[in-house]
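Over in TrEMBL, the protein carries these features:
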- C56, C59, H60: heme c 1 binding site (BINDING)
- C202, C205, H206: heme c 2 binding site (BINDING)
- C333, C336, H337: heme c 3 binding site (BINDING)
- 42-145: domain 'Cytochrome c' (DOMAIN)
- 187-295: domain 'Cytochrome c' (DOMAIN)
- 320-408: domain 'Cytochrome c' (DOMAIN)
- 7-26: transmembrane segment (TRANSMEM)
Amino acid sequence: MKARTVAKTLGGVAVLGVLFCIWLMWEPAIAPVKPSMPADKAAVARGRMVLEAGDCAVCHTAPGGKYLAGSLPLKTPFGTLYTTNITPDSETGIGQWSEAAFSRAMRDGVARDGHLLYPAFPYVHYRKMSDHDISDLYAYLMSVDPVSQTPPPNRMMFPMNFRPLVAFWNLLFRHGDPLEDQPGQSAQWNRGRYLVEGPGHCSSCHTPLNFIGAEKGGSDHFAGSIIDGWTAPPLAGLSTAINPWTQGELVAYLRGEVAPNHGAAAGPMLPVTHGMATMPLADVEAMATYLLSFAEAQPVAGACKNPSFGALQPASQLSQIEQQGAALFAGSCSGCHGDAATMRRLDDRPDLGHSSALLAGTPRNLVKAVLEGIPMSVGAPSHYMPPFADNLSDQQIAAIAQYLRGQYCPSQPWGNLSQTVTQIRQEEK
Ligand code: HEC
Ligand code: HEC
Ligand code: HEC
């Protein structure tokens, strides 16, 4: 056979394969219904808790926008997607969706009219939720104020702008039924596993992704990843980490409270803690129990092995760059963070050296925190840091990072700091 004939045959087979998969995964439209106020008030109240556990509002509310009305841009490696309006507006929201249509979207990632939803909507996790929780969530969503708002058109790259291709992705990665309790584990552990692996979708940020954006499995589960330029640290082995977590510290961290011996959440983790702060305490305790049961993590390259908490290096031992960093720190940071080692104990917050950002293998989260700051959290006025992107140069941030790392992990300085800061700053655009 000539090469051209082979190519033609292969091309034909590929086209047939695509059509076959699309046919296999084809889903019909579900008839529209008239929006109606849910009658069961208890279900509405429970559904609100499920919504907080699932962080729905974090993605479905744009900054300064109306609650759950969508239009938040999500940057993916394949282009920008806008979240949809999930208020019960019948024209622009999900007012015409029956509970069956909603449930199919949550489990299978299929919209009411039958089109496939992109997996940036974490249905691979939500499909593990119980029927009961999905039903309560539906009741709650039908009870919120309808808002008329349509998201801007998505800007996905070819070929991912062709939605039926998601059928392939689903064939490979859309697995697993609602989670069943594991016998031999406590009720608390099972509850925690359900919340972490199901509605909480924690691994969508804390597990590395493969080249088509699906979570890696096996020992990569919870091995850490990068999201919006921030490192989401590994969650495996938290109890045996270099700065180990106790149950009480982890519960405090997850609820956005001051966690003794640990830094507080910043970046993409901050809104997640806001959701957990409104959940019942017993649920967050269950999540901590489950997380602390993971086996030891794989070692992270460059992570601090020998931290020095509290002991300040004498100024005479600092390099020139570190001295510059110390002066900048005194001017811009020490008002809140105190001398590098003796934290002013703003609200009894532990010193910076206990933050994972200082002990990590790379300066990424330190740099991100300095560039972006930490937005104000309702009810926690001391959990705020201003952004320094416009006030400090790359070289100045690098000097501060070198100084701080030298204070807390003198045996493992970070290399190439200036270039790293420049590179992280450019990623933002
Ligand atoms: C990580 C961000 C993210 C989170 C968290 C999230 N969603 Fe979404 N959701 C999306 C995106 C993006 C879309 C649009 C996908 C598309 O257009 O293909 C979407 C679509 C939907 C749709 C389809 C709506 C339509 O009109 O097609 C429903 C229903 C939905 N989400 C409900 C929820 C609920 C309920 C929760 C919480 C349990 C939730 N989402 C959490 C990102 C998210
Ligand atoms: C949107 C992405 C995202 C989601 C979803 C997410 N995290 Fe995080 N998480 C992060 C990032 C980023 C950090 C680092 C924050 C920082 O440095 O301040 C983090 C930090 C953490 C830490 C601190 C780890 C350490 O070593 O300091 C814990 C614990 C944690 N997350 C648990 C969870 C749990 C439990 C869930 C699910 C309920 C979750 N995360 C969901 C992005 C996420
Ligand atoms: C207005 C007070 C304030 C100022 C000024 C401030 N910070 Fe912060 N910073 C905070 C608070 C509050 C936190 C979170 C508290 C915690 O970790 O317990 C934080 C957290 C951090 C973190 C940890 C981020 C993470 O991902 O966990 C780093 C690193 C940091 N600050 C560095 C700096 C540096 C460097 C400067 C000066 C350029 C600075 N901060 C100035 C209040 C401040």
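From the backbone N, Cα and C atoms, a Cβ is placed for every residue, glycine too.
What TrEMBL says about a protein is an automatic prediction, not a curated fact.
With a CB cut-off of under 6 A applied against ligand 2, the binding-site residues C56, H60, C202, C205, C333, C336 are reduced to C202, C205. For C202 (heme c 2 binding site), the nearest neighbour among the binding-site residues C59, H60, H337, judged by Cα separation, is C59. Same-chain neighbours of the heme c 1 site beyond C56, C59, H60, judged by a C-beta within 8 angstroms of the site's C-beta center, are, in sequence order, G54, D55, A57, V58, T61, L68, G70, L72, T83, I86.
The record gives C202, C205, H206 for heme c 2. Within 8 Å of the mean position of their Cβ atoms, the other Cβ atoms in that chain belong to H201, S203, S204, T207, F222, S225, I227, A232, L235. Counted within 10 Å of its Cβ, the other Cβ atoms near H337 (heme c 3 binding site) come to 20, all protein chains included. Of all Cβ atoms in the shown protein chains, 20 besides its own fall within 10 Å of the Cβ of C205 (heme c 2 binding site). Across the residues of the domain 'Cytochrome c' (320-408), the predicted structure has a mean pLDDT of 89. According to DSSP, C333 (heme c 3 binding site) sits in a coil region rather than a helix or strand.
Using Cα positions, the member of the binding-site residues C205, H206, C333 nearest to H60 (heme c 1 binding site) is identified as C205. The binding-site residues C202, C333, C336 differ in how many other CB atoms lie within 10 Å of their CB, and the one with the most is C202. Within its own chain, the transmembrane segment (7-26) has Cβ neighbours under 8 Å at 1, 114, 116, 164-165, 167-168, 170-171, counting only residues six or more beyond its boundaries.
Taking a Cβ cut-off of under 6 Å from any atom of ligand 1, the binding-site residues C56, C202, C333 reduce to C56. C205 (heme c 2 binding site) and C336 (heme c 3 binding site) have their C-alpha atoms 29 Å apart, to the nearest angstrom.
All chains included, 21 other C-beta atoms sit within 10 angstroms of the C-beta of C56 (heme c 1 binding site).
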